[in-house]
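Undergrad: Please see the structure below; I have some questions.
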Amino acid sequence: MKDATELIKALTGLAWPLMAGVALWRLFPLIKEIVRSRGFTIKVGEAELSVQEVSESLIRTTADLQGRLASVRAPAATRVLDSVLWVDDRPENNATEVAQLRALGVEVTLAKSTDEALRALARPNRPFDAVISDMSRWERTRPNRTAGLDLIRELRAQDDPIPVFIFATARALALREEITNAGGTGVVGSSTELFQLLRGVGEFPTQRA
C-alpha cells in the first residue's frame, strides 16, 4: 500500500509538467498564425482579435504554465517574489520572460549596466528580492565579457546577500563554477530553469495559495 501511495504521488508530480508541455504544443499553431499574418487581426474560432490581444493572452497563459512548472520541484515558499532587477544591455532579448514575470505579478525593473544596477540596489528601502543578469555587455563604451561576474563580486564585496542569477549563453554556463565561487546563486540558459530558480526565492504573487 505504501508503495502504491508513493507511486501515485510521483505520478501526480509529473502531471503538471506533462499538461504544460501539451498545452504549449497546442499553442504553436496560434503563434505561427500571428507570425504569418503580419496583420492587425487574426481569426480565432468565430472571433477576430488584434495581434496585441492575442499576444497578451499568450503571455498570460505561458506565464501561468511557467509558474506552475517552476512550482513542481520548488520547496514550500516562505516569502513572495515581489520584485526583481534585470540587468542586460539589450533588454529586448528578454522581453518575453519579463512579460511573463509581470503577468505573474512580479515587478521587473530594468538596468542596462553594472553601474546602473548598483545605483538601483543602493536606493534606500530597495524593493528587489533577486537580481537577474546577463554575463557579457557593453559597459563604459567597451565590451565587458565578465560583466555579470563583476556585478556579483561587487555585491558580495559589499556583503550584499541578494540572490543573483546569471541568465546567459553557453559561455556563461561554462563558467558556472567560477560564478558560484564568486557568490552567484545560479547560472541558467533557459527560461524554464530561470523560473525554477526564481520560484526557489519566493512564490509568484498571482499563484499564492
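The backbone N, Cα and C atoms fix where each Cβ goes, and this holds for glycine too.
Okay, these came from TrEMBL:
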type	residues	note
TRANSMEM	7-28	transmembrane segment
DOMAIN	83-205	domain 'Response regulatory'
MOD_RES	Asp134	4-aspartylphosphate
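Mind running through what each feature is packed against?
TA: Looking just at the domain 'Response regulatory' (83-205), the mean pLDDT is 93.
In the three-state DSSP classification, Asp134 (4-aspartylphosphate) falls within coil. In sequence order, Val87, Asp88, Asp89, Arg90, Asn93, Ala147, Gly148, Ile166, Phe167, Ala168, Ala172 make up the list of same-chain residues 6 or more apart from Asp134 (4-aspartylphosphate) whose Cβ falls under 8 Å from its Cβ.
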